[in-house]
Amino acid sequence: MAVNITSIKTSSNGAWQGDNPLDFAFPLLILQTILILAVSRSLAFLLKPLRQPKVIAEIVGGILLGPSAFGRNHHYMHRVFPKWSAPILESVASIGLLFFLFLVGLELDLSSIRRSGSRAFGIAAAGITLPFVCGIGVAFVLRSTVAGEDQVGYGQFIVFMGVALSITAFPVLARILAELKLLTTRVGETAMAAAAFNDVAAWILLALAVALAGDGVPGGPHKSPLVSVWVMLSGLGFVGFMMLAVRPAMRWVAGRCSSEHDAVDEAYICLTLAGVMASGFLTDLIGIHAIFGAFVFGLTIPKGGAFAERLMERIEDFVSGLLLPLYFASSGLKTDVASIRGGKSWGLLALVITTACAGKILGTFAVAMMYMIPAREALVLGLLMNTKGLVELIVLNIGKEKKVLNDETFAILVLMALFTTFITTPTVMLIYKPARHGSSSGTPRRKLGDLTATKESKDELRMLACLHGPGNVPSLITLVESIRSTKISQLKLFVMHLVELTERSSSIIMVQRARKNGFPFFNRRRGGRWHDRLSGAFQAYSQLGRVKVRPTTAISALATMHEDICHVAETKRVAVIILPFHKQYWGDESVENVGHGWRGVNQRVLKHAPCSVGLLVDRGLGQASRPNPSQRVCIVFFGGPDDREALELGGRMAEHPAVKVTVVRFVEREEADGGSKAVTLRPSPSKSPEQNYSFSTAVMNRQKEEVKISQPSIFSRDRSNGLVDSWIGSSGLVNYL
């Protein structure tokens, strides 16, 4: 049934007055948004073990909600996604797309393209030229095979097909490289620079395609070729105006919003957001898609400053998390896989996928070999440059909107983009495995006990302390202060802020700043990448005591976070790693669970670490405004190598004049029968229903442990009362009570 969209009202009067909310624009938009987000997030969760970018889940979610799957139920399709609602959904999604392309321009640093040199330019040129030529050949095949495509002009169809096959998705590639920890390696930097060249060329080609397409109505009035020329000239004039006039103005605005100022003036934020909309309107007025203007405006914002970072923080979650999935889903809703019928159509899909992959991979591989890049890295570059995604879908949607692509061709190209992006991560992981440093089963672990073997080796104790955020700082400083000796021995503390990698633009930029050659690195300059509260706290503490503090940030997926921790522990030759417990205890007896994934990180570090590992469980001692003037520490000793390490740590604490250490040794009952001072512990019937306790067993060296326990100079015993501030237990667990 045909519906006059002008008769559609915005909101209903409610079900009690007989109105169906699905017949009104705004309630239906809310339902569509909820449904799209629920399906796409669920698919993203299912695809996370395969390490797929979020765009895959969002496109597949749109395809499932559309006519290919759920849409086969016509009642569902007419009620949830009626045809009259498509312009409304696409308009809201286009706003998100506009601001996302602004973020892409904000993320793309033109100066890095200039610094990349001829190698990246040559790889990008080959990665565009060969697929574009292959796309021309595929265009002739599709035009003569797919019904209806012969009504479209040769020039329009060839340009759209060439652009569709030659594009590399810069935002998607950056997230894949960050996930694989290749973003700051030689391969990653070359791929990013080449993708940046490719992205700029793709926008120029897209502007040309839009100019050639016109309104795209087959059989409509023929337009003069001069119209396309005027569109391109106007586009060049717009770019020149933005770079020569707007860019200096935005540099002045960024200077007024530097990190020296506590807050960014709201007027500058509103001015920038209005500038995004105005730039989009101007390019749409010229005849180029509005997103081109938003992308160019993003290029005018100075990179690396506080203004750009705060802009991202303000808009990226709302745009990337809420609005952008609507655009990908709307692309999936237009995709009808059922339009690919018969062996001929599926053969065309195979031809398009093969041509796209072969053209991009072979072209990039050949030129990379000419630049003396090793064969494996050259092949990985070709696979990475074959990544499709956002820009690909933009081109396809514009082609469908201009009626250059019909339903069958559109579905073929969307599936091609999905397939090429899906295979990128697993194929790169299979082919390219850079060396990862860490402890192996045949390498002995460094121990605290090894440092006390000679007097010379006791001069410096190296520790790697990890933290999740500001809440871990007080307890960590309290622990380090307890270990810090007032004697001649020196303590060097490497502090690592653990940050989970996300697909936010700000997260990708943080990876580029905090990693070098694929791993975290320590900047010798004060301040830097850390939040002011974290950096300032440890810098102030390092000036008060004999402690050298070197901070860094590890940004990684939780599944591979342990690789960064173990690598730093290996390269810095630390004797012990301190990990925060995955639960945070507060003074009011409440417990905050930071996430089950962090528990897995701790378990993997315990398994692969090249040295001793301690878990720091903060139960409130670190929440004091400053460390206690006197601390009582209890060491619970059962025996075994883990407890011997805990004893070594307690020995270092005992050297501090403000720390009193008590050792409680547990022995087997037969061993304790002969001693008159032995105490047998049993569970309390009133407090514990268990009849007995069981402890994990370990290989014990009784002679070595007897020597360590009996040394009178190690520990200062305090028997004034039974209260202790902290205890150290088996497996190196440091537990503040």
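The backbone N, Cα and C atoms fix where each Cβ goes, glycine too.
Quantities reported herein were computed from a predicted structural model and do not represent experimental measurements.
Database features (TrEMBL):
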DOMAIN    40-428  domain 'Cation/H+ exchanger transmembrane'
DOMAIN    491-624  domain 'Cation/H(+) antiporter central'
DOMAIN    632-670  domain 'Cation/H(+) antiporter C-terminal'
TRANSMEM  24-43  transmembrane segment
TRANSMEM  55-72  transmembrane segment
TRANSMEM  84-108  transmembrane segment
TRANSMEM  120-142  transmembrane segment
TRANSMEM  154-178  transmembrane segment
TRANSMEM  190-214  transmembrane segment
TRANSMEM  226-246  transmembrane segment
TRANSMEM  267-298  transmembrane segment
TRANSMEM  318-335  transmembrane segment
TRANSMEM  347-373  transmembrane segment
TRANSMEM  379-398  transmembrane segment
TRANSMEM  410-432  transmembrane segment
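Applying DSSP to the domain 'Cation/H(+) antiporter C-terminal' (632-670) sorts its residues as follows: 16 helix, 13 strand, 10 coil. Scored by C-beta pairs under 8 angstroms, the transmembrane segment (84-108) has its highest count with 318-335, from the stretches 120-142, 154-178, 318-335, 410-432. For the transmembrane segment (267-298), the most Cβ-contacting stretch among 154-178, 190-214, 318-335 is 190-214 (pairs under 8 Å). Counted over residue pairs 6 or more apart, the CB atoms of the transmembrane segment (24-43) and the transmembrane segment (318-335) come under 8 Å in at least three pairs, which marks the two as touching.
Against the transmembrane segment (347-373), the recorded stretches 226-246, 318-335, 379-398, 410-432 differ in Cβ pairs under 8 Å, and the greatest number is found for 379-398. Within its own chain, the transmembrane segment (55-72) is flanked in space by residues 35-36, 39-44, 46-47, 81, 169, 172, 324-325, 328-338, 389-390, 393, 414, 417-418, 421-422, which lie at least six positions past its ends and keep a Cβ under 8 Å from the stretch. 154-178 is the stretch from 154-178, 226-246, 410-432 with the greatest number of Cβ pairs below 8 Å to the transmembrane segment (190-214). Counting same-chain residues at least six beyond the ends of the transmembrane segment (120-142), those with a Cβ under 8 angstroms from any Cβ of the stretch are 113, 149, 157-158, 161-166, 168, 190, 193-198, 201-202, 348, 351-352, 355-356, 358-360, 362-364, 366-368, 370-371, 381-382, 385, 409, 412. Non-local neighbours of the transmembrane segment (410-432) in the same chain are 50-53, 55-56, 59-60, 63, 142, 164, 169, 172, 176, 179-180, 182, 187, 331-332, 334-337, 339-340, 345, 348-349, 352-353, 356-357, 376-377, 379-380, 383-384, 386-389, 392-393, 396, 399-400; each lies 6+ residues outside the stretch with a CB under 8 Å from one of its CB atoms. Beyond the transmembrane segment (379-398), the same-chain residues lying 6 or more positions past its ends with a Cβ under 8 Å from any Cβ of the stretch are 53, 55, 59, 97, 100, 104, 123, 127, 160, 163-164, 167-173, 176-177, 187, 190-191, 194-195, 198-199, 202-203, 206, 209-210, 213, 289, 291, 327-328, 330-331, 334, 356-357, 360-365, 368, 373, 405, 410, 413-414, 416-418, 420-421, 423-424, 427-428, 431-432.
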